[in-house]
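Listed in Swiss-Prot for this protein:
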- 1-13: compositional bias 'Low complexity' (COMPBIAS)
- 62-131: domain 'POTRA' (DOMAIN)
- 1-25: region 'Disordered' (REGION)
- 1-35: topological domain 'Cytoplasmic' (TOPO_DOM)
Amino acid sequence: MAGATTAKGGARRTPPPGPPPPALKARRRLRLPRRRTLLVTGVATALLGSGVTWLLYGSSWLRVEQVAVSGTAALTPGEVREAAAIPLNEPLAAVDTDSVERRLRARLSRIADVDVSRSWPDTIAVRVTERRPEAIVEKAGKFLEVDEEGVLFATVPQAPKGVPLLQVEADRSPSSRHFGATRLRREAVAVIAQLPEKVRADTLSVRVRSYDSIALGLTRGRTVVWGSSERGAAKAKTLTALMKAVPDAERYDVSAPTAPAVTHS
């Protein structure tokens, strides 16, 4: 029997002639507004990006008007600004803060750490941490400051108050050839850091003859034989007990903290 093809027979039904269904008409009407929305959004984004770029780099606003320096002690803010070499009136966003940090470390050896950041709308902030002298080395009538790593970082005309004099006398010692001067200075500074507070305040000098031969010169002509920087906590505890038990001794030997010795004058 002839007639319309049905879904039961497996053939695709042909849509009837006439106007499209309402749902299809609605979808077609939505396409144009969506395209317009995308176009408007794209143009607005481009304009916004151009405006931000102009504001950051092309306008007279948001430019460097001052360089604020904090954290200085021996250095002055003026010295830090000069070494930083940040031009005023430059766009704040154009300042390469990493390059400024590298420049400061290279030009000012007294700086241990530095952080350079933007402080909107018109300031570059430079926060420095200076090296502290843990010991000094005398040379040609001047004094070289030694930091906690044993590095010589600055020359001063006068010895800083309360900083012990470091004497490295290991030129002919195998320790000097094996470890090097910087390592021996670092070991000496490590010993200073391990001292009891009162002993450290009384320490006038530190003498290094080799890696395991470090001695301290104290006030009132007293001497402490420390040995190497190893077992520092045990040596400090033993030294405190010895000084309490024998306060008038001239020489205290804690190089072997379990078998200390004292010498009277």
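Residue numbering: from 1, along the chain as shown.
Any Cβ shown, glycine's included, is placed from N, Cα and C.
Per-class residue totals from DSSP over the domain 'POTRA' (62-131), listed helix then strand then coil: 22 helix, 24 strand, 24 coil. Taken together, the residues in the domain 'POTRA' (62-131) have a mean pLDDT of 96 on the 0 to 100 scale.
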